[in-house]
Amino acid sequence: MLSIESLCKSYRHHEAVKNVSFHVNENECVALLGPNGAGKTTTLQMLAGLLSPTSGTIKLLGEKKLDRRLIGYLPQYPAFYSWMTANEFLTFAGRLSGLSKRKCQEKIGEMLEFVGLHEAAHKRIGGYSGGMKQRLGLAQALLHKPKFLILDEPVSALDPTGRFEVLDMMRELKKHMAVLFSTHVLHDAEQVCDQVVIMKNGEISWKGELQELKQQQQTNVFTLSVKEKLEGWLEEKPYVSAIVYKNPSQAVFELPDIHAGRSLLSDCIRKGLTVTRFEQKTESLEDVYLKVVHA
């Protein structure tokens, strides 16, 4: 769907984006993560055709020349004419994107229904809450049925209920198009994304599948629970270190690798212990993200 190779953007003596390369596949949701100033918004604006890259290649559906009719874009702070109603604004936006008046009216009702604003279609935008404006921006980005949707911090201004609803919309949208979104809300990325791209100082620090990222950054911390008493016996194992007992039958500790975990389970069986829980600590995306950006 989208291929980015060696993308760079410079402003005089400042390199905002340095040699960025990644791919977004059809019906895939990719999260672009990174601290403030990492180059996320600049990258998204180049992909949307709003900024020209200093160098590098962007291909959409194999074509170097971006067809902006195939792209939907929601900026972090969407701007509206406050005196317009949602219906008027979407008609205006649709006509600018080349839709006929009749087609606009057909699509507007559908989009307002999808984003949950159908009851506010004739209310002036100046009276909208921040969350309602974000939804209207999403409706505008989807009006012309793009193949590739770019969302810059789409849930940053929303309350928990609004955030959940927008994430639910994103899950539905990726069935029909490719989605690339930036966010600081790492838990939200964990809910909807297939791939992650982590940027730092204008460069990519890591990219790939979320599960692969977690596995690469995983610690060797394990939890073991048994019906019997662990205390005293566990210390005898030379491959077990940093033991912390939650209670006499449950402990958290470190092992050098998963093979040591298998050895420990074998020792438990030989000892006649009844294992009720044995698991390796799974890190959240936030834990992994902090490791990558502070590396």
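Quick reminder: no glycine exception, Cβ is built from N, Cα and C everywhere.
According to Swiss-Prot, the protein has these features:
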DOMAIN    2-226  domain 'ABC transporter'
BINDING   GLY34, PRO35, ASN36, GLY37, ALA38, GLY39, LYS40, THR41  ATP binding site
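Taking the features listed in Swiss-Prot, we show where each one sits on the structure.
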| residue | record | CB count, 10 Å |
| --- | --- | --- |
| GLY34 | ATP binding site | 25 |
| PRO35 | ATP binding site | 14 |
| ASN36 | ATP binding site | 7 |
| GLY37 | ATP binding site | 13 |
| ALA38 | ATP binding site | 23 |
| GLY39 | ATP binding site | 23 |
| LYS40 | ATP binding site | 25 |
| THR41 | ATP binding site | 19 |
